[in-house]
Amino acid sequence: MRREPPQTIGDYAPLLFPAAMLTIFFVVPFGTMIAVSFFQRQQGGFYTPAFVFDNYARFLTAFFGGVLGFSLMMAIAVAICCVVLALPFTYMLTRMARSVQVVWLVALLSVLSLSEVIIGFAWSTLFSRTAGITNILVALGLMGEAKALTPSFAAVLTGMVYQAFPYTVLVLFPALVRLDPTLTEAARTLGASPLKAFFTVVVPALRNTIVATLIMVFIFALGSYLLPQLLGRPQHWTLSVLITDQAIYQSNMPFAAAMAVFLVLVTLGLVALTVIAGRKGEAA
Amino acid sequence: MTSIFRKFYFFLIALFLALPLIVVAGVSVNQKQTLAFPPQGFSTSWYGEIFLNPEWRNALMASVTLAVLSAALAVTIALPLAWFLWRRIAPWANIFQLLGVAPFTLPPVITALGLLTFWATVGFYGQPWTAVVSHAIFFVTLPLVTLSLGFTSIDRSLVEAASTMGADERTVFRTVVLPLILPYIVSGYAFAFVLSLNEYIVAYMTVGFTMETLPIKIFNALRYGYTPTMASVTILFVTTAAIIFGLVARFGDLPKLLGAMSSDGK
């Protein structure tokens, strides 16, 4: 039974339910959100249909601009840390026995499925004064007395890298596992050290994969919502936190929607820029 | 890479991934109601608390119900779509593939806020079933990806043989396609189930005030004072996830599901 174009209306039947569900519950909500972002807010948490740019104008103030800048910077830092850590790890993992790979993959999937709440709770415990890792350092004589490492930028970064690391490995895995092993073998035969072969053969061969992974981890990290609240100070809060705050606690849906639309645009814009840059680099 | 370097590197990564879990496991067996680590005394009473304390039990029930139903709905959306795309040449239908992947690719707060405005507009905000639909849409990507992968691995000549022998479309699907695709249905369901169990922001934005799932319960508990029950729930959940993924790996080809070629090199 080869693939063939639909002959009758009946052939479209299987598409009906998925198409309806995705349209009603994804396309329509997305459109609703865009519409609401232009609505006028009323006192007391309601809003009325309108077409105003106030919500966007408010967003372009120094405060929210700063939050946006911080969110982007944070996500970029997480993406770079994750790829630097995960690339050699995934490469070596794909060269191991399949049974070993399976054990690691199960572990990574389990960590990936951990709720952000749980990751935040675990790291806030690890960084606390009473039950944290500084106690171990004290016991080893490396430190005078235990101290709290949270809230801080480093704590938020650690939590977010922890959350995104398994995701990074799983995004890199397919490309690395399919990488032709003869490439590195050739380099080794010609006398390159394993490290040199990795940096001169594997990394350049995976240029596009690395760029794609950076983008995907960047978007993943941009979605982090609880970790900045649990591990950071208010100045470490990201756009996701502010959007939820406006939507739920300030009952300002139009403003929350405007921020969300802006976040989508910035995300897509950055992705497009990176893709274009990647194409140019390839042509050169 | 030299073997010693590799072992050390893998040890550090394993430590990094395990450290939070070690601490949480330690806290979960504390005798007293504190978050002390290393644990003081040993008690498994906090695990009992999950099932005995009505608040924690209700949250557990809410999470499990939500995950069971939303993963099932996600599969019923993904299966006909993936099948249609495999069976028919209809390039424009790929737009639905894209729509199925989009909710999981964008920052979750976008999908969550979109659904919140939608449910509020149509007047269903806060209804428990809206969380089921929301999670199904948010996680439909996972069964969609595993099923698309599963369909590409089906040998089309098998299907052709069945239809030459006189089987109609429905019989072919039931007797040939379905048995071959079943492992991918199961793993797609398993992925959506486990991630739904632990999801916070979409559940919170859609039904957070009327229904408390476990992640929401844990976050609320974090704000109003720590209890070791949070730690026991964490360990219970991560163990469940490890068992489910372990089973997927035991009965299916996990590296292949995650993008590697199958073990026989195909």
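Using N, Cα and C of the backbone, Cβ positions are placed for all residues, glycine too.
Please treat TrEMBL annotations as automatic predictions, because they have not gone through curation.
Remember, predicted model here, so these are calculated numbers, not experimental data.
If you check TrEMBL, you get these features:
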TRANSMEM  B:60-86  transmembrane segment
TRANSMEM  B:98-120  transmembrane segment
TRANSMEM  B:132-151  transmembrane segment
TRANSMEM  B:172-195  transmembrane segment
TRANSMEM  B:201-219  transmembrane segment
TRANSMEM  B:231-252  transmembrane segment
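The stretches the transmembrane segment (B:132-151) and the transmembrane segment (B:231-252) are not in mutual contact, being linked by fewer than three Cβ pairs under 8 Å (pairs 6 or more apart in sequence).
Same-chain residues lying 6 or more positions outside the transmembrane segment (B:201-219) and placing a CB less than 8 Å from one of its CB atoms are 55-56, 58-60, 62-63, 66, 108-109, 111-113, 115-116, 119, 125-128, 130-131, 134-135, 138, 230, 233-234, 237.
Tertiary neighbourhood of the transmembrane segment (B:98-120): same-chain residues 77-78, 81, 126-127, 130, 134, 137-142, 144-145, 201-202, 204-206, selected by CB-CB distance under 8 Å and a gap of 6+ residues from either end.
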